[in-house]
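These notes concern the structure reproduced below.
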């Protein structure tokens, strides 16, 4: 794989803003901590407002800084919506696979995302907490069907066990890079409406069922 972690002294070729969205307590902050710092805190408190972390990596010999934004899922923090989505070239829709309601809310979150972000933003559906297989409330097939219908990537993860977390982030970042490098555009190119135009006209391919794991475990790209 050509994805390697970059040197902080390297020139940054691209900055990709990726947002994490979904209900509270689905593990967005834990996913971010696992990817950015390889940490997991059992006592993680609910995010208040907005925070972001960065990680530098190398894709196809280019240095990419991933700027991952995390926000609280509670309704009272929704005032940050416009600024939160502005400039995002990727998004992760996160639900808790042990809580059906968090998955049922994905359509609402996706609608909000598409209402504020570029219409061709790269989106991945994430079913988190797949380490709790005995408590599964969302069959993998339901999530795959939703992802297929909405043209999203899909992966099941465990921030606790670090299952598929790095793979999920690298998949979405590599797809963003592939699109941008193909179009020879920079990450801050805006159209007349102030939306990133990097991803327009791009078809997103989700992982095939052959690449997915069994229903009882964590599903994702191999």
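Using the three backbone atoms N, Cα and C, a Cβ is placed for every residue, glycine included.
Since we're looking at a predicted model, the values are computed, not measured.
Pulled from Swiss-Prot, these are the features on record:
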BINDING   22-29, 70-74, 128-131, 158-159  GTP binding site
MOTIF     44-52  motif 'Effector region'
LIPID     218  S-geranylgeranyl cysteine
LIPID     219  S-geranylgeranyl cysteine
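Distances between the Cα of residue 218 (S-geranylgeranyl cysteine) and those of the binding-site residues 25, 28, 71 are shortest for 28. Here the Cβ of residue 159 (GTP binding site) has 28 other Cβ atoms within 10 Å, regardless of which shown protein chain they belong to.
Cβ packing within 10 Å was compared across the recorded positions 25, 130, 218, and the lowest neighbour count falls to 25. Secondary structure at residue 218 (S-geranylgeranyl cysteine), taken from DSSP and collapsed to helix, strand or coil, is coil. In this structure, residue 28 (GTP binding site) is part of a helix by DSSP.
Under DSSP, residue 130 (GTP binding site) is assigned to coil, being neither helix nor strand in the three-state scheme.
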